[in-house]
Amino acid sequence: MTGLFITLEGPEGAGKSTNREYLAAQLRAQGVQVLLTREPGGTPLAERIRELLLAPSDEAMSADTELLLVFAARAQHLAEVIRPALARGEVVLCDRFTDATYAYQGGGRGLSQQRIAVLEEFVQGDLRPDLTLVFDLPVEIGLSRAAARGRLDRFEQEGRAFFDAVRSTYLQRAKADPARYRLVDAAQPLADVQASLDTLLPQLLELRRG
């Protein structure tokens, strides 16, 4: 069996983490070895970078600094966790990956997509997700859910225009490559979202066999 790299993407409050756990349980019930991870993070070093990226601070972080920190964490994550798991034939379920960089640093911060692509090639080589699930919902619903969780991180404190750009970028990327992306209506009740994931399970198992 070959490894399979599945990423879960979407804006704040989309339920990626909850649904990642659900999807992992469904795959494990079929006897599949699953590794759960997240970005930024996934290793001790990358988690420390995550803290820098998410912690509110009196010192403004430049968009370029943010971008480079994201890819520094990703390089460590790939070397230490993702590539070895794929080599072992496992299914990797990752909460965010490079699509988030295009959405947040590209769309939200307004950085050049070409600049991001150069770093993507440098850090990842030819590694891309086999499948990306984009959990989509209206910005106001996502921000309301994020606020209900408690203290907001540095990204969650951004304004409506930032998240409009994030959502728009995700949708543009999904439309441009329908073979890799699946849109999930994350505004639905959780049971309905998970029912839609159930319909994807045969596709995931077929991808793994392929």
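Cβ from N, Cα, C; glycine included.
Features of the protein shown, as given by Swiss-Prot:
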| type | residues | note |
| --- | --- | --- |
| BINDING | Gly10, Pro11, Glu12, Gly13, Ala14, Gly15, Lys16, Ser17 | ATP binding site |
Message: Quiz question: given the binding-site residues Pro11, Gly13, which has the greatest number of C-beta atoms lying within 10 angstroms of its own C-beta?
response: Pro11
Message: Among all protein chains shown, how many Cβ atoms are found within 10 Å of the Cβ of Gly10 (ATP binding site), not counting that one?
response: 26
Query: Sequence gap of 6 or more, C-beta under 8 Å: which same-chain residues meet both conditions with respect to Lys16 (ATP binding site)?
result: Leu8, Glu9, Gly10, Asp95, Arg96, Phe135
Message: Using a Cβ cut-off under 8 Å and a sequence separation of 6 or more, which residues in the same chain sit near Ala14 (ATP binding site)?
response: Phe135, Asp136, Leu137, Gly142, Ala186
- prompt: So around the ATP site, Gly10, Pro11, Glu12, Gly13, Ala14, Gly15, Lys16, Ser17 aside, which residues have their CB within 8 A of the centroid of those CB atoms?
  reply: Phe135, Leu137, Gly142, Arg145, Ala186
Statement: Ser17 (ATP binding site) has its Cβ surrounded, within 10 angstroms, by a count of other Cβ atoms equal to 13
Message: Test of understanding: give the count of other CB atoms lying within 10 angstroms of the CB of Glu12 (ATP binding site).
response: 22
